[in-house]
Structures are given as structure tokens and as C-alpha cells.
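K.L.:
Below are the C-alpha cells for one structure; questions will follow.
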């Protein structure tokens, strides 16, 4: 009898220990996952020769999980908990640890904007963007649209791997403003003969990690794009994002980015990133009367303006619709850059940018209007 009681007591004790251990493990796992976030870990330039395996080890040894190592940025995207972040910031090989922020699309029959920026003047001369490659870094492009010529692309959205499907419609709309075909249907783009490339970095909700955008820009560099359009942005800066944008520009690419839809806030800049970086052309929005759109972000970083109110363009499923936003203004600038390059293929990206800015039509205070409304006819002279 005593032996039976002893056995029951032992069994109960073992069960209790197992239950407590399991509960503790579960609590630890839950606690760890709840504090894990996405970060970008940058390594010091003196460590540029460090192997990919060694960089991965530095992060893994601190408990982090490497998601992606970049090609042109000496950094890696990783999932880290708070402890790993603190330890990595102390590591002598690490230059910075920054949150992998999320960017969003800036969204609100021949579109009036095409005439407003004087694109038809170049069309009549036979310049329509031929042999110019434009990367639309966005939510993808519906390549089945009969009014679009999509030549290639890639997706960096892990859950949406097809760059030719556009769940939010944003990228398809942007693409049409840049290069909708000169045919008997739909709308006309600024640069109808330009080659479009769908670089998907935003998901169907219109959001994307900065690391996805970095991957997209790296793809554009590696695939020798001439122009990058980024109708997206976020409120937070990023060393890694700035590095790759600067690399794109130093590689000869014209980079146009939406200034943002935050309106104005006194004397404070509301321009988002990456438009805020000096190497990009930051684009604000005006209406058909050249009045600044109330939603258009303002700041000293603003470079030029373009039409961005009630812009008619392509939508998925072979349809069309009108959107508002600096997202809609930016492709007018990207398309204009493609037009200029089709007329002057030997011009550098710096020359293209200088011409777009120096020939822009003055509209008012540069804090709100930058250099003014682009005039591609004058810019291409």
C-alpha cells in the first residue's frame, strides 16, 4: 500500500515538474516572439571584406535571424529581440542597427497632365521614350493590361511572388502615367514607348518593408535601369535606404520619388523618405490649374511639381480610373526623364535632373512648390 502511494506521489511530482517546465518554455517562447521585430543591421566600412557567413554569424550569435544580405549596402535584414539589438549595437563590427520601417503608397481621357507638362511637343518630334528602361518600384503591374508594355520585373514581397499581379492597383496606375501605349484605347502615357519593369515591393495593402524596397532598388541597379519611379515613402529615415538610393544615382539612374501626402505643417518639412534624400528628385502635386494640392507635402527638400489631382490612368483588369496623390505626380517626372533620355541618350542622370529643375515653370514659394512645374519640352532643348 505504501509502495502504491509512493508511486502515485512520484507520478504526480513528475507531472507537476513537466507541466511547470512546459509552461515556462511556452512563456519564454511567447515572450521572445512578442519582442522580436524586423531590423536592418549595418556593418562598418572597415568590415566590407567580411564574408557573408561571418556577418551572419555576428547576428546569429546574438540570437538574431538573418533574412537577407544586401548586394550594394553593407548590411543585412534580420529579426531581432531587444537583447540582440542591444548586443549588436555594442559589437565593434556593427555600424548601426535600425528598425526595418514600413513604407506606404502615396495614393489618394487622355490625362490632362500629359499636356500640362508639354509632353506632346516631344511626341510630335518622334521622341516617345524608346530604348529607355523604367523601373516602377511599387505594388506590381498588371502585365495583362492591353495598354501597357511590361518587359520584365521581380517581386521582393515574400507573400506575393508575382510582380505581374497588382493587388492594390497602385503600381498599375503609376505605370500607365509613365508609359501607357499610344494606341486606339484608354489613355496615353508621358513616355509611351518606354520599357516598363515591374519591381514589386509593396503588398496588396499598399505597404512594404524598407528592406523590400532596398532589394528592389538593388535589382534596378543590377538590371541597368535608366529611371526609377518610387511613388511611395515613409516618415522615418534609414541609413541603408539612403545608401542604396545614393548607389542607384551614382550608377547613373534618374530617381524620382513622391514627396508625400502629408500637406503642410507651418515651417516644418513634411516630405517623406526616400524623397527627402538629396540624391532623389522629390515630387509634389498640383491640380490642372497649377495650384498646389492641399495634400502635397512641403519642405525645403521639395524639387519639382507635377500633376497629381484626378489623374486618369490604367488599373488592373484592363480598366481605368482617376487617383489623387503625389504618387500620381511622380510618374509624370519619371516619364519626362525617359522622354529626355530618348532624345539625348548620352546625357547623364545629373544633366537630366538639372534640365528638369532649371526649366521648371515657377509657381511660388519653393518650400511649397520646389523649382516649379516641370516642362519637358523646355528641358529637352
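The backbone N, Cα and C atoms fix where each Cβ goes, glycine too.
Per Swiss-Prot, the feature signal peptide maps to 1-29; the stated evidence is similarity to another entry. Per Swiss-Prot, the feature domain 'Inhibitor I9' maps to 38-103; the stated evidence is sequence analysis. Among the features that Swiss-Prot reports, Ca(2+) 1 binding site is placed at 108, 147, 181, 183, 185, 187, with the record citing similarity to another entry. Here Swiss-Prot flags 111-380 as domain 'Peptidase S8'. Summarising the annotation, Swiss-Prot assigns active site, charge relay system to 138, 170, 327. The feature Ca(2+) 2 binding site is assigned by Swiss-Prot to 275, 277, 280.
Looking at the shown structure, what environment does each listed feature sit in?
P.N.:
Under 8 Å, Cβ to Cβ, and six or more positions away along its own chain, residue 185 (Ca(2+) 1 binding site) finds 146, 147. Residue 185 (Ca(2+) 1 binding site) falls outside any helix or strand according to DSSP and counts as coil.
Here residue 138 (active site, charge relay system) comes close to 105, 170, 171, 174, 175, 198, 199, 200, 201, 202, 229, 230, 231, 232: these same-chain residues lie at least six apart in sequence, with C-beta atoms under 8 angstroms from its C-beta. DSSP gives residue 138 (active site, charge relay system) a strand state.
In this view, residue 170 (active site, charge relay system) is surrounded by 29 other Cβ atoms within 10 Å of its Cβ, with every protein chain counted.
The C-beta environment of residue 275 (Ca(2+) 2 binding site), restricted to residues of the same chain at least 6 apart in sequence and closer than 8 Å, consists of 230, 233, 257, 258, 259, 260, 282, 283, 297, 301.
Residue 327 (active site, charge relay system) carries a helical DSSP state (H, G or I).
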K.L.:
Taking only the recorded positions 277, 280, 327, which one has a CA atom nearest to the CA atom of residue 187 (Ca(2+) 1 binding site)?
P.N.:
327
K.L.:
If you run through the domain 'Inhibitor I9' (38-103) with DSSP, how many residues end up as helix, strand and coil?
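P.N.:
Each residue of the domain 'Inhibitor I9' (38-103) counted once, the result is 21 helix, 25 strand, 20 coil.
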K.L.:
Taking the domain 'Inhibitor I9' (38-103) alone, what is its mean pLDDT?
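P.N.:
A mean pLDDT of 95 is what the model gives the domain 'Inhibitor I9' (38-103).
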K.L.:
Per 10 Å Cβ neighbour count, which of the recorded positions 183, 280, 327 ranks highest?
P.N.:
327
K.L.:
Can you tell which of the recorded positions 277, 280, 327 lies nearest to residue 181 (Ca(2+) 1 binding site) in space, using Cα positions?
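P.N.:
Spatially nearest to residue 181 (Ca(2+) 1 binding site) by Cα position is 327.
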